[in-house]
């Protein structure tokens, strides 16, 4: 009656309530108010949360007007006649591992972009290099552009030929002095999240990182890539060992210096 705990009838014997308010509940379930009718197939079903109704065109228009009023860099959102809208998002690239790109390919020209020439298909040679840490790429996307399409678009702009499944898009939020990351599902719409959060990147920003959740399909990596990862891990291990050795070497020197200064002194 106090905590409004509910359960299925077949689950009742398994429930132990830790009631800390004397005189109320006393750890017992009320059969009148806390039991749900049993399922016909005796299978516990997960009750899906009600999804909010999609915003109307008028609501989107109001949100865009409110968003544009806060923009200071001319990167406005624009509402289309069909109810969709376009705008800009910035994606921070925080990749710790090298990416694979075609070897010896010239930079993409305006002609290539207009003709949608894929320079990566012009050679079979591959090489690996590190993208600049914390590089920022600005994308002009639509409200119908998904996270999956954003990842593929970023890889195409940098001519990265790695499997898109190796990467994930995160939203970065700051709360109570902490930086929080949340991986976005591939079907999410980044521009809608940008619209809801406003243009302030301190409130919300997007980050492209390696897919670290165990969902990476390692079969998608080539043998040279896997060998490259082993070389990187080996280098990181050696660097860590050297850091520890230097730390204790300095400690040893200070200890020896202290003992030297203490010699001949009473006590």
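Just so you know, glycine gets a Cβ as well, placed from its N, Cα and C.
Annotations in TrEMBL come from automatic prediction, not curation.
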Quiz prompt | Residues flagged as region 'Disordered' in TrEMBL, choosing from 29-53, 54-78 | solution = 29-53
Quiz prompt | Annotated coiled coil segment (source TrEMBL; candidates 206-233, 234-261) | solution = 234-261
Quiz prompt | Secondary structure content of the domain 'Ras-associating' (127-213), with strand meaning DSSP E or B | solution = 22 helix, 32 strand, 33 coil
Quiz item: When the domain 'SARAH' (215-262) is classified with DSSP, how many of its residues are helical, how many are strand and how many are coil?
Solution: 43 helix, 0 strand, 5 coil
